């Protein structure tokens, strides 16, 4: 048996992995960062079970190359995402931890219904 | 509290999402499919917690374009993967379900230790 | 010797190839298409030698999957781009031609300077 | 009028741009680098007009993260590629130049046929 909590954790993982590998490599600069943040949020909020997402790109880390722009790197991503499967809600994050872009489950919650079912 | 089973499900999700969005779009044909399968397996077996992975690409779905090749599409992917976090093992799959590339938890297992801890 | 026209053609090719493989696979729907168009334009206008870019996504081709969204496919992309290297300007396009996302040089122009230099 | 040399330069650019943005982000280590090199070569040799390709990944640059692997970065790529359009042959490269992954036309050659056709 797979619980709702486990399914929510699985679905949240799918979305973080997808986001990371879809967007890394995109040309980006401090000027275009805002537009890219919105595009990432608008893309992934549509995926199944995602109820909230916020994306912050670290502008400090966008060191311009000799042509004046950077490429989106995993370490620039700060993402918070909430996924809901049936009664279970899973909140996850992607953020820099030293030199690793760490993905974490922040919490999982389950509706505690006083129900007769 | 997050259980090992939940963490295993999360880690498995990350890897399936990553794999999908990393490789979709790669030029591929029936001739190069084998080489691509190995490269995908070799890439993702290195990721944290992955213990087994097998990738089958659907050669029937590789309809050559006017230049004689295709692009890897999500519906061509048949993936089985096993992830282990502490005592919990999670086995997941990605395979075509109608027109959707469905990711599923096949099973989660936990070592049932007769332990006094 | 490589001419400015040849270099402009090369640079334009790089950008179309990059754009295609960076963005294909992104979750998209008719609602999010506008945000994605802007993000693509804002990303690639920053790349060296690009002077103009316009991106149109074919909303008709965005047939929702069972979860209500699509994935950006090469055949949805209609791109016009202008690249300038020294005196040469190269205008290229990416658009659907039957079942192939065709990239073409539309024209190359070179400043005909009446100059004593 | 677009010359064969210009078209060859354009097609070569497309392939380098595509290669870069398709593969950057792939999990890789010194152990899996060989398998990835072959997969990249096998994928892109299939694309229109490509006649030769060789891919070398810089193993020195693959500094393992805390989980023992790296991600393919643009600066790890050393690519040589030959593209032929009609009578014109264009040889291009992608290699590290300081902190920038530089793409260059190395030479373009055109068959000088003493022909009566």
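Using the three backbone atoms N, Cα and C, a Cβ is placed for every residue, glycine included.
Noted in TrEMBL for the protein shown:
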{"type": "DOMAIN", "residues": "A:3-106", "note": "domain 'Dihydroneopterin aldolase MtpD C-terminal'"}
{"type": "BINDING", "residues": "A:11, A:103", "note": "substrate binding site"}
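Computed over the domain 'Dihydroneopterin aldolase MtpD C-terminal' (A:3-106), the whole-number mean pLDDT of the model equals 96. Taking Cβ-Cβ distances under 8 Å and a sequence gap of 6 or more within the same chain, the neighbours of residue A:103 (substrate binding site) are A:13, A:16, A:17, A:20, A:92, A:93, A:94. Within its own chain, residue A:11 (substrate binding site) has A:48, A:49, A:83, A:85, A:90 as residues 6 or more apart in sequence whose C-beta sits under 8 angstroms from its own. DSSP states for the domain 'Dihydroneopterin aldolase MtpD C-terminal' (A:3-106), grouped as helix (H, G, I), strand (E, B) and coil, give 38 helix, 38 strand, 28 coil.
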